Amino acid sequence: MAVSEEKAQGCRSGAAAGKAASPVKPNSGAVMEEITDSPSTTAKASSKGIYGIPIMTRAQRSHPLDPLSAAEIAVAVATVRAAGRTPEVRDSMRFVEVVLLEPEKNVVALADAYFFPPFQPSLLPRTKGGPVIPSRLPPRRARLVVYNKQTNETSIWVVELSEVHAATRGGHHRGKVISSEVVPDVQPAMDAMEYAECEATVKDFPPFIEAMKKRGIDDMELVMVDAWCAGYYSDADAPNRRLGKPLIFCRTESDNPMENGYARPVEGIHVIVDMQNNVVIEFEDRKFVPLPPPDHLRNYTTGETRGGVDRSDVKPLIISQPEGPSFRITGSFVEWQKWNFRVGFTPKEGLVIHSVAYVDGNRGRRPIAHRLSFVEMVVPYGDPNEPHYRKNAFDAGEDGLGKNAHSLKKGCDCLGYIKYFDAHFTNFTGGVETIENCVCLHEEDHGILWKHQDWRTGLAEVRRSRRLTVSFICTIANYEYGFYWHFYQGW
């Protein structure tokens, strides 16, 4: 219906004049399945592939920039754990991060030239006698950050995953350790398991229980203990110890999951926790500060409990693409208009966009960016009073934007014809966890791309604009962060 109206008004999209849409049932909120007719299928029919470009029969199923699969993560963890000197060492290993060790640019160029779309040999430097085409790409590798809870050591491991597919079919090969290095006097990111352990340690500490009673709090179920990294303000904070500086909050109702406990901070209590051994090493009830009074207006509320206070004058807005989307997906490779790129994901950064390029007429594929991501989110609170001057959160490095990503819901987080991407990562004990639908890709109408009216004739030309949006959302404690990358037609 909308397409017909636009055509009747003489308005076309920025790409080209649109042909009339066929009478297909609208697919508002549809979810796109991955396209399976990738160029690798074409390779079976023609060794020359597209435009005479050789297409190689791939030994690898994954592009060098694809995020690690769940199977690859499991193999990497098993390989490192098996390399532990003793059972005690193996049992005390905690896996902070397992990610793809991203290859050098020349490996990516080689893959894109002959093994994977967009099949662009011009990406490689010209050599006398022509390029030497290998029969296969170098093996993929994983980089692991491991914390040893027994020895308080942080180590970096590199594992080759050349045999990962054989392992997933029932083989016993665990991969190959390429390197391992203990990094002295550092502490890796904290984990959700450590947060829970820290809260239990503080809430079981008798002086803390007594301090809460002085503030009229007898029910420890109401108490929230948030472990923060201690930072470095003196030698006492040196990273040779794994220290946590908890902040305390208190709810008013134990049976209300929507209550915002962060609205009631408990001030005047100083606590330092040894996160390695789960013990309180410093405690002082420094100052009595009255708790803020309960206020239900500060709570989170669902739509069903608001008593009809939502706006009632907003009519439904339907996003419909009856002919499907204009983007094309092959694995993690995205093509839209003249843009193409690869979607990646890490526990620290969340969404990573690789190999952004633009197809520019006769000039071919123009590289725009090798790698795009948000590598850190620093939040300095700037209050000189205790304990707030110590609140300088590194939300990516200390917590992980990707590890805290949401599983997005169709119809509100994303609208339209949607392609979702899942993400795999390791938990603290080495198990593999998956966040489904954590990255959303869809098209959006973006107003007018351009318009001109001839003042003599009164004739006007106008084009609608649209953009491609790739996004994810995460929650760090009480903060939501939305990250949106937009690709436009007006290049």
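Just so you know, glycine gets a Cβ as well, placed from its N, Cα and C.
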For this session: Scan 1-31, 156-186, 187-217, 404-434 against TrEMBL and say which stretch is down as region 'Disordered'.
Result: 1-31
For this session: Count the other Cβ atoms sitting within 10 Å of the Cβ of Asp395 (active site, proton acceptor), across every protein chain shown.
Result: 20
Seminar exercise, completed: When pLDDT is averaged across the domain 'Copper amine oxidase N3-terminal' (188-292), the result is 93
For this session: Please report how many Å separate the Cα atom of Asp395 (active site, proton acceptor) from that of Tyr479 (active site, schiff-base intermediate with substrate), as a whole number.
Result: 10
Problem set entry | Helix-strand-coil residue split for the domain 'Copper amine oxidase N2-terminal' (63-161), DSSP-based | 32 helix, 24 strand, 43 coil
Exercise. Who sits close to Tyr479 (active site, schiff-base intermediate with substrate): which same-chain residues at least 6 apart have their Cβ under 8 Å from its Cβ?
Worked result: Val379, Asp395
